[in-house]
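Worksheet: the structure to be examined is printed underneath.
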Amino acid sequence: MRKLPLFMAWKFWLICLYIIKVASTQIVIKSNTIVGGNNPSGFQNGYIVSGDAFLAFQDMNTVPMYQTVRIDKGGALYYINNDKQGFSILSDHNYNHPFVFLNEGTVVVDDRRSISPGSWTIKDGSFTNNGNIMFTSSQGDIFSIGSNYITNTGFIFSKGTSFEKPQRLQIGNGNIWINTGTVCMANTTYILENAIQGGGCISVGENSVFNIYSFDMQQQTVYLSHPSSVLILNGGHEVPVYGLGNGNGILYPDAPIRDIYYDSSTGIMDVTAGTNGIYKFTVYIGAGYNESNFEIVSSIKIHGISYDNYNFVRYRGPPPNLAPSVCQPCVEIPLYSFQVPDPYTTTNELGFSETVSFYSTYNENDIPVIGNTTIYVPPAIYTLTKVNENTTETDIISRVTGMGYNGLPFTYYTTITVGEMETGVVTKTITITENKSRSTKTTLMSRNYTFSFSNYSPISSSGTYSVSTVDNITTLTDTVANVSSSGPNSIVTATMTTYQNNHEFNNASVINVTNSSNIMVPITSTFYSSVDSNLTTPITSLTRTSQSQIVSHITKLASSINETTIANTFPSPAASGTNYTTVVTNAEGSVQTDIVSHITTTDSDGKPTTIVSHITTTDSDGKPTTIVTTFPAPAASGADYTTVVTNADGSVETDIVSHITTKDSIGKPTTVVTTVPYTLCASNADYTTVVTKSNVSVETEVVSHITTTAPCSDLESHVENQTTSPSMHTTSLVGSENGVSAKTVNDKPNPTIFTEVAVSEGTTSNAGYVTDQGSSLEMFAPTGASAVESGNKVSQTQTASIFHGAGSTFKIKFNTILLSTSLTILILLGMA
């Protein structure tokens with residue numbers, strides 16, 4: 001055996017040692033590692049990322065990619081450029097050891113935040129991808145895999161983010177490469193350099209172009225997944241293409257397309273181009289297409305290049321077939337997973353606690369980042385009391401926090417001073433003006449003295465206590481009444497709180513109104529009793545008592561077409577609880593004395609309350625309005641009295657005004673003033689009258705009388721019967737309320753009929769609003785009765801058939817008569 005020369009032997013061993021050294025110096029990443037800056041040390045000989053770990057090169061535009069780059073299954077490798085020049089990353093190796101790139105895990109090459117185009121290149125060696133790889137950029141980078149041996153069984157996604165600057169994908173160096181996985185494209189141009197073997201998929205997505213020239217693509221599936229996808233052909237072999245439709249298509253750049261032939265039975269489309277159709281290519285697109293929807297486009301611009309010679313064919317309808325199963329969905333690969341810190345709580349410089357929590361998200365460049373949220377927890381509202389030799393002042397202090405326009409937190413303090421209150425307000429008017437977008441609250445007040453107090457607390461846990469300031473006047477509102485159940489445009493009476501030290505400080509009540517959006521809005525108003533203007537000594541000790549005041553309102557349409565609501569306060573009744581009178585000058589100049597009546601009752605909480613009657617009607621503009629009802633004052637003795645009334649037709653009649661004491665629907669006492677025409681009954685004799693019928697016939701009718709109890713000379717009831725024939729007549733009960741029910745009781749054998757008419761509770765019909773209601777009374781009688789309307793616009797008609805004979809009696813009993821409606825009853829009863 002021939003021995004090697006000594007020099008040659010040493011050379012051989014040196015080469016072996018060098019190879020061993022190169023292999024042994026590659027760094028192995030076994031835990032999550034983030035490296036910043038260009039060309040970090042320790043990675044110049046290659047790197048291997050173990051499973052369940054990642055290696056991230058950040059804030060750089062160039063790093064080594066030497067000899068061997070391997071990512072094990074479960075591992076990940078990230079190249080991330082943050083605000084640098086575009087990537088300049090190139091593979092390299094020693095002269096006798098080819099470069100190896102092997103990915104079993106995840107690789108992301110992210111140049112989206114670069115400020116110029118870059119490149120990531122494998123120039124030779126071998127490239128094997130059995131995992132997931134994403135190339136992404138914003139400036140039109142070139143991602144090139146020029147290895148001698150290329151195999152892809154996994155997923156490769158070339159995703160540009162700019163429509164104007166699509167990136168370029170290059171795979172292959174002229175050699176055949178194998179694809180059994182999926183290659184996805186978005187905002188990408190991919191120019192094929194040789195045929196692709198294997199049964200894989202090329203998915204051409206948004207604003208992407210796949211140029212296959214004339215290479216054999218029969219083993220691959222091309223999927224046009226977006227309406228802007230383009231496939232470029234130069235003739236040659238048959239190509240399977242899926243997803244043709246919605247405007248995407250096929251470009252033949254070398255000659256104008258002449259004809260399209262589609263065979264629905266085979267799913268094959270033949271395209272001829274050039275003079276006399278000398279060029280031809282065949283595309284398998286599948287069954288289900290409509291040949292009339294194919295279109296040859298005369299001019300189109302693709303990735304900045306114009307094609308103006310009928311070079312593009314497209315299908316206007318949707319693709320009839322689903323995506324092929326061999327093509328994986330084109331889903332973006334996220335960057336390395338963030339370790340989101342746990343939340344924590346701290347105390348800031350303002351003295352209140354902050355809770356800081358973290359989350360992972362993407363920024364405006366689709367880069368994952370960690371964000372944080374800070375929740376500010378200010379202390380509870382507290383009270384500070386200041387005392388000197390003259391006054392005691394209580395301050396309510398709260399803190400408000402927020403975020404300023406610069407994103408920084410701010411805090412300010414609010415202080416409400418309860419002290420040196422101005423009272424003695426004689427009148428207060430609240431006006432709410434709606435203009436469909438905002439409301440304005442105007443308060444008019446007059447004042448005449450001040451006082452201060454301390455140690456205030458609400459008088460009722462069921463009420464609402466609030467402190468508000470208007471026109472520099474602090475108002476304490478302590479409302480016991482429950483207004484939430486009250487309807488819109490309603491008057492709500494409440495038991496108020498009186499603070500007393502020989503003088504009064506009264507809270508008023510709450511009004512519910514509806515704004516322009518038909519939303520019920522409660523208005524809380526404060527009213528003060530008149531007090532001694534000479535009072536100068538501060539009141540520091542107050543005694544609580546209860547008193548009621550009444551608030552009503554008028555809603556009208558103002559000249560500016562805005563709804564205006566005016567709140568009015570009416571004084572409480574006199575201490576004796578009696579009605580009081582007021583002098584009113586009418587529009588025509590006459591003067592009359594009116595009585596204002598009231599009802600003293602209790603509210604739902606058992607508190608005493610006083611109600612002044614009111615009428616809801618409409619004003620001249622057709623808007624709802626509420627007015628206070630007054631009645632002419634009775635004689636000083638309180639007895640019934642008569643008054644002379646001039647009717648609209650000029651006739652004069654004498655009316656009797658009397659009072660009825662009864663109970664309302666909830667059993668509370670109520671007083672009703674009734675007005676009945678005064679009829680002289682000197683003789684009580686029957687008389688005749690001439691009646692002209694609607695058919696112009698004239699007849700004479702007999703008017704007879706029955707004496708019971710009615711307002712005559714002896715205050716007896718006078719019931720008239722007008723008889724023409726034993727037919728049905730109509731009875732009108734004028735001035736009654738809704739809903740009348742009747743029952744007939746036969747309590748005597750020869751028939752004495754007792755009919756009880758019960759007025760059921762309903763919505764009050766008020767003056768100025770006309771309501772006609774009717775119901776039928778089936779009374780035991782062959783003859784009828786009729787009545788006329790008198791003295792009121794509100795009428796209710798009862799139809800009755802009444803049987804009566806000798807000794808029969810007819811009686812009407814009203815179980816319930818509601819407040820503030822003058823009642824005139826005139827019954828015409830026919831007697832047999």
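Cβ coordinates come from backbone N, Cα and C, glycine included.
It is 722-747, from the ranges 592-617, 722-747, that Swiss-Prot records as region 'Disordered'. Checked against Swiss-Prot, the residues Asn455, Asn721 yield a single entry marked N-linked glycosylation site: Asn721.
Residue pair Asn187 (N-linked glycosylation site) / Asn372 (N-linked glycosylation site) shows a Cα separation of 33 Å.
The Cβ of Asn187 (N-linked glycosylation site) has 24 neighbouring Cβ atoms from other residues within 10 Å, across all protein chains displayed.
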